[in-house]
Structures are given as structure tokens and as C-alpha cells.
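A short write-up of the structure that comes next.
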Amino acid sequence: MRIVFDIGGSVLVPDEPDVKFIEEIAYQLTKISEDHEVAVVVGGGRVAREYIQAAKSFTPNETFKDYIGIHITRANAMLLIAALREKAYPFVVSDFRKAWEVMQLKKIPIMGGTHPGHTTDAVAALLAEYLQADLLVVITNVDGVYDSDPKKNPNAKKLDRISTEKLVEIAMQSESKAGGSGVVDALAAKFIQRGEIKTLIIGKDDARTLFDAIKGKHKGTLVEP
């Protein structure tokens, strides 16, 4: 299979870099890459949102704030590159064609953000579409898709399997400005729907056994066209 992994920045760097988890995810990705083609997109997470929030004190320019977030995603991506050692391409990849070329070298391309207005979820969905990936795996700090925000509604119900259309409907409720933090943002959900991309959305616990998760052993949400 050809698989794109979308790893949330808050998963890798909750308050500070989670070195143990980064080592675990690097091991899992290395193991998976032995039998599958792998590409990775890394998000900015809480750190990016804090910088973007601080920048609001100085500028209303959303594009400028997006660039701040992009730089932080790439710093997080470099951490994962370091953990993957020789298995990863040694530089952060910034375009899809380069990601494809790196995969032909049997290396794992690691991307961060690319363009203002696109979250890393959207980048991952577009990369999956470009590469004609068999599966997009979204690793977030929530263990799947819920019918409402589980942080605000204790009775929120997790959805084990949904359509891409339903994902778009749920994602439309999330924040679309720089630093938005929905499980999957609306633009990414629309790209997933357009590309008819089979998508698995899982939390940090499932990510620790990522090799099993891609085989169906997970507690997350499977999104299908």
C-alpha cells in the first residue's frame, strides 16, 4: 500500500517534545515502510496556535500568521526526521513532486505546511490525492471523529465508520482561521471527499501500535467514500 500519515503537532509536542512518543512513532513508521510506501505530514499543534495568537497582538494579517504556523510545522517535521535517522529524507520536503521523487529513493519524505490558507490536514489530503495513496492516516489528540466536540459535550458519541460526506458535514463546524484545531478541518475534509480517499482517524494510543492500526486493529474512525 501507499500510505500518507498526517501527524498532529500537539501529538508530537503537547507541552514540550514528547521524545518517547516520537521514538515510538519513528519505530512504527520504519517498520511500516518495510512493506509499504510511506509519506508523512507533520502539524504545528499547540505551539503554532500560541504563536499565531500572540501575533494577533501585532498584525491582523492572516497570511502572515499562516507563515508563522508553517515555520513551526517544519521545526516539528525536523524532529521526526532526526528520529527516523537514515530512513527519512534529511530535509523537510516542501512540494508534492519532491515527495514523490523521495519515495522513489526508498526514503520517507517528511513535510510540514506548504502554503498560507492550507492547514497540514489539507496538505496531507492533497498529498494523498497527488500520490494516489491507498490510505490517509490522521493521528490527532482525539481518538476518532465524534458527533459533537467531546471536550465540550461529555455525551458526545464516537463514530466508528462514516462517509466522506459526513466528515465534511462535521468538519464544517470547526474553526477555519489560522490556528484552527478541529480533528480534521473543513478544507481537508473536502479534499478527502473530492479525492475519494480512504481515511483512518486515530488517537495517540493507536499511533503507538500504528502497524496494527493500518490493518484494522484500532479504536478510531474509518472514513470511506
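Placed from the backbone N, Cα and C atoms, the Cβ positions cover glycine too.
Sequence annotations record features per position, and here Swiss-Prot assigns ATP binding site to Gly9, Ser10, Gly45, Arg49, Thr140, Asn141, Tyr146, Asp149. Swiss-Prot lists Gly44, Asp66, Thr114, His115, Pro116, Gly117, His118, Thr119, Thr120 with the feature UMP binding site, giving sequence analysis as the kind of evidence.
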Neighbourhood of Thr114 (UMP binding site) by C-beta distance under 8 A, where only residues 6 or more apart in the same chain count: Ile70, Ser94, Asp95, Val123
From binding-site residues Ser10, Asn141, Tyr146, Asp149, the one whose Cα lies nearest Thr120 (UMP binding site): Ser10
Neighbouring C-beta atoms (10 Å sphere around the C-beta of Gly44 (UMP binding site)): 31
Among Gly45, Pro116, the one of these binding-site residues whose Cβ has the fewest neighbouring Cβ atoms within 10 Å: Pro116
Rounded inter-Cα distance in Å - Gly45 (ATP binding site), His118 (UMP binding site): 14
Recorded UMP site residues Gly44, Asp66, Thr114, His115, Pro116, Gly117, His118, Thr119, Thr120, farthest C-alpha pair in Å: 14
